[in-house]
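Asks: Here it is, the structure in full.
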Amino acid sequence: QFDNLDKHTQWGIDFLEKYAKFVKERIEIEQNYAKQLRNLVKKYCPKRSPKDEEPRFTSCIAFFNILNELNDYAGQREVVAEEMGHRVYGELMRYSHDLKTERKMHLQEGRKAQQYLDMCWKQMDNSKKKFERECREAEKAQQSYERLDNDTNATKADVEKAKQQLNLRTHMADENKNEYAAQLQNFNGEQHKHYYIVIPQIYKQLQEMDERRTIKLSECYKGFADSERKVIPIISKCLEGMILAAKSVDEHRDSQLVIDCFKSGFEPPGDFPFEDYSQNIYRTISDGTISTPKQEGMRIDTKTTVGKAKGKLWLFGKKPKPQSPPLTPTSLYTSSTPNGSQYPIFSIEPVHYCMSDIKTGKPRIPSFRSLKRGYFCLQGPALEDFSHLPPEQRRKKLQQRIDELNRELQKETDQKDALIKMKDVYEKNPQMGDPSSLQPKLTETMSNMDRLRMEIHKNEAWLSEVEGKVAARSDRRHSSDINHLVTQGRESPEGSYTDDANQEVRGPPQQHAHPNEFDDEFEDDDPLPAIGHCKAIYPFDGHNEGTLAMKEGEILYIIEEDKGDGWTRARRHNGEEGYVPTSYIDVTLEKNSKGA
């Protein structure tokens, strides 16, 4: 059965290598699966810079947590692949190599034992044949001797010669017989040893080898499953983390984040007042009475109104103060009733006049805060004081910056205290270091502290300004709600609506009121003084909101310098103001007026 065992052990090694190949392919599947999961996580992970402060909604945070858990899950798949590769596949390959070496050795021993037994059999067979041949020769010699001995004609010498030949052959046959007996005994002993000792021992070693192979397969099967079972607790935690992330979604918190993100501090526009078109009737009735003097020039010239719309910032800016009493239908009139009593009639410019101003008027920008709501909202850089943002968002940004500056100031303060302590130690123990070597660092730290304090003071001033304006708006709105006054809305340079309580009239009017006159929180009624002049080097169309068109060679007044955004505020001789590109003009500033 030697050949059969040879085939069986070879089949066992082939099966071992087949299972090793299966494990290798499973490892590749796990590695590819983990790699695809990581790529998926990387694809959907947010790519944000550290300074990105976009709102973190709970649904987004939950999704990001799920991605993190999935990334950990992919890591566990890699652990499974690594464990299988080290504990199963690597062990199988090493054992397969050892198994092949051991099998080869046992088979060689079996072949050697078989070859030795064959050699013994050949020696025994040769001695047997030689003994058989010598016996036949001895029989022939005996027959020849007997024939000569019975022959009367044979001489005595022939008989003696035949007798000697018989004795020689008989002696040689006896020697071959002894040799054959010895070879036979030796062969029988070797054959018994071969079949009862050598071959069983070799077969036993092959059996033990095959059983070890089977045990190794069993261990690898168990290790294959253990590699998966070891990561199950961690995978369960990953899945629990996903469930917790799903439970952490809070729709109310997300809504509050949206509110906080887009809360601007703007006030909603006020109610449209009643437009009394019957005032002409009351005026006709009261023309002959003493109660109300006749008012002239109350007819509106549409062309005049449209023309005056130039130089205004509608709807989110300031309309210029009129230089002379306008002739508008928005004055407050007083009429008399048949019983002689008087009552005020509130009136305002019709809406279509406002819309005409919006469509045909060229806006005038009083400040960069208004300018940001137009063209520069998309293209201009952010300002240091965040004035390009709505009031509420500006307040939040300033507060965040103040907090950051305070943290930096605290760090610098701690560093200064540490340097001072180190300097004292050096002064007391000069062998530890030179105290003067710390002076440059101490000076630099003090300078940084001063700079940070100035920054904090500047930002706190801006924050106080914003909070004061917001509080003022709230007070005005509260007052308006209590008194139920008819007010006219406007938008401040930041774009927030305000109410002008000065336009409220409870009795007969003392003077004409102007519907186009708005209360300005940020600028005085007087125009800004000119701080220099400029000459246009290139023509500029000025199509965008808040800009001022100019021709090449035109001379303009400078009323506000370039703040670093590339635009200069200028004014024509006729009073029209706007922003022009600084690179398009040649600026000449007055020394005594610079910085006014």
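Note: Cβ is positioned from N, Cα and C throughout, glycine not excepted.
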Asks: Would you please say which range out of 290-324, 395-429 has the annotation coiled coil in TrEMBL?
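Replies: Result: 395-429 is the stretch TrEMBL calls coiled coil.
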Asks: Average the pLDDT scores across the coiled coil (121-165) and report the rounded value.
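Replies: Averaged over the coiled coil (121-165), the predicted model reaches a pLDDT of 86.
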Asks: Short question: which residues 6 or more past the ends of the coiled coil (395-429) have a Cβ under 8 Å from it?
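Replies: Contacts of the coiled coil (395-429) (Cβ under 8 Å, skipping residues fewer than 6 from its ends): 53, 260, 265, 385-386, 389, 435, 438-439, 441-442, 445-446, 448-449, 452-453, 455-456, 459-460, 462-463, 466-467, 470.
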Asks: Give the nonlocal contacts of the coiled coil (121-165) in its own chain as ranges (CB under 8 Å, at least six residues past its ends).
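Replies: Distant contacts of the coiled coil (121-165): 172-173, 175-177, 179-180, 182-184, 186-187, 191.
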Asks: When the domain 'SH3' (529-590) is classified with DSSP, how many of its residues are helical, how many are strand and how many are coil?
Replies: 3 helix, 29 strand, 30 coil
